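Quick look at what TrEMBL annotates:
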type	residues	note
ACT_SITE	LYS278	active site
ACT_SITE	ARG352	active site
BINDING	LYS266, ASP271, ASP289, GLU350	Mn(2+) 2 binding site
BINDING	ASP271, ASP348, GLU350	Mn(2+) 1 binding site
DOMAIN	346-353	domain 'Cytosol aminopeptidase'
Amino acid sequence: MNIRIKVGTVEKESAEILAFYLYEDLPIADDMLTYCDNALHNIVSELIKKKEFVAKLNKTLILPTYGKIPAKRIMLVGLGKKKEVTLDKVRQAAGTTASIVYDIGIGEVTSVIDSIDMPASPEWYQAYTEGCLLALYTFQKYKYVLPEEKKELKTITLLLSHKETSKPAQEGVKHGQIIADAVCFTRDLINTPAQDKTPTILANTAKKLAGETGVHCKIVSTPELKKLGMGGILGVSQGSNQPPKLIILEYNIHAKNQDTIIFVGKGITFDSGGICIKPAKDMDQMKSDMSGAAAVMGAMKAISKMRLPQRIIGLIPCTENMPGSSAIKPGDIVKFYSGKTAEVVNTDAEGRLILADALGYAEDYKPDAVIDLATLTGSCVVALGTIATGMAGNNEELKKRIRIAGEKSWERVWELPLWDEYQEYIKSDIADIKNTGGPHAGAITAACFLSKFTEKYPWVHLDIAGTSWCDKNTAYTRKGASGVGVRLLIQLIQDWTRFS
Ligand code: BES
Ligand code: MN
Ligand code: ZN
């Protein structure tokens, strides 16, 4: 799909369809829409006056033009109230535009961007582009019998009336394309069945990504994991015949006078629960237990293509969690890279075990900030549903930055407390800690566990168990993997200033 920018007016635009954006609390303000309205005997203003079209967010109406203007049809797209417009509403309206044009199968659309009346800064064009491309995502690799053929949506033309806006528009579109490509890459990885994304396959995917982007990639396999004393990753992998891998991606590592930021992603390529096996219902969804890993890879793909200046490192521990005959057993004790030990009370609380090794290893880089993303707890889904990602951490400034990036990207986070009293829940009689804290505050006690390995640097944990998977289509997400975290991390780094 091609997104292009064109400076011009609708008077000469012979498009299949022209998309106009309207606010529910404003009359027609845009010159180009006024022109079309006049040419169409005021049908648009009449419909608005009679409230037959109310421009609520994502509401649409398509009208034929019967040759009165060069374009064959016009589409009205609602944006809601003018004062309440946000980047995400533009992203959504763009997604709605692209999905509807795709559905009617006409292959192209010209969007009259002036009608949005948005600031001429790249981030608005970035959001618009993201919305279009993310809405058109499909995952059909495994279909032999394809659903009814639809005409591909080949071109979206952003029509601007002022030449001066084309520069920020170009920049925003370029960034939006890179970002949407990264999110779709992440979605593909998550939607792929576990059989085709074993830790070894994921490691190869990371190597390929590194080759394409100039990121450095190192794969740590079993012998070296043993040498390093990564008992968490090794322990969880024992029940599977697939060997574990620790993927290390390094971007811009030799940059001078730049902060070092580490992303850690949980890479459980299938979570059966291990010996504490999960119920069969919805177990298939546990192929998505590597969503954190996929988000880190996607974010690094985009950050390297955008050539952002910071040093970024991705640490991605990957393994299956299976109940094979050598599987780790409830009561077993593992020793992590840091030397600390944990009693494995429940083999289904495996994410924190592999993250503990990676977070301990992160310390060696002397990072300025570490952010981990993990589909860590069902408890987080109970607390926040699929709307917000759970956040916990040890540094107010880093939490604030992530909160802001969350609002801008609309991958919002909500903080959970990491108070000392909660740490009591994970005390063990025979090891340093245990891997579950009982039935209460599961998302918090999981974060408490991680906090024992992050004491030496500013750290934020993001529990994406609820946000990584969509049960239904929305304006720009599709059923299945959401790709959450990718846009949040990119936004965070796009806005990054020296951290002290
Ligand atoms: N991968 C799961 C968490 C999860 C649940 C992700 C639902 C996405 C949707 C994690 O490994 C897990 O099993 N957590 C347990 C921990 C418990 C045993 C302490 C949970 O939340 O039930
Ligand atoms: Mn589990
Ligand atoms: Zn898991």
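Glycine is no exception: its Cβ is also placed from the backbone N, Cα and C atoms.
What you are looking at is a predicted structure, and each value in this text was computed from that prediction instead of being measured.
Remote same-chain residues near the domain 'Cytosol aminopeptidase' (346-353) are listed as 232-233, 235-236, 239, 266, 268, 271, 273-278, 289, 321, 323, 327-330, 334, 336, 374-376, 435-436, 446, 449-450 (criterion: CB distance under 8 Å, separation of at least six residues from the stretch ends). Looking at LYS266 (Mn(2+) 2 binding site) and ARG352 (active site), their Cα atoms lie 8 Å from each other. Close to ligand 3, meaning a Cβ under 6 Å from one of its atoms, are these of the recorded positions LYS266, ASP271, ASP348, ARG352: ASP271.
Counted with DSSP, the domain 'Cytosol aminopeptidase' (346-353) comes out as 3 helix, 0 strand, 5 coil. Among the recorded positions listed (LYS266, LYS278, ASP289), none has a CB atom closer than 6 Å to any atom of ligand 2.
Closest in space to LYS278 (active site), of the recorded positions given as ASP271, ASP289, ARG352, is ASP271, taking the CA atom of each residue. In three-state terms derived from DSSP, ASP271 (Mn(2+) 2 binding site) belongs to an extended strand segment. DSSP classifies LYS266 (Mn(2+) 2 binding site) as coil under the three-state reduction. Cβ-based crowding with a 10 Å cutoff singles out GLU350 as the top-ranked of the binding-site residues ASP271, ASP289, ASP348, GLU350.
Cβ-based neighbour count (10 Å, all protein chains) for LYS266 (Mn(2+) 2 binding site) stands at 30.
Same-chain residues that are not part of ASP271, ASP348, GLU350 yet have a Cβ within 8 Å of the Cβ center of the Mn(2+) 1 site turn out to be VAL236, ILE268, SER272, GLY273, GLY274, CYS276, LYS278, MET286, ASP289, ASN321, THR347, ALA349, GLY351. Not one of the recorded positions LYS266, LYS278, ARG352 places a Cβ under 6 Å from an atom of ligand 1. A separation of roughly 12 Å, to the nearest angstrom, links the Cα atoms of ASP289 (Mn(2+) 2 binding site) and ASP348 (Mn(2+) 1 binding site).
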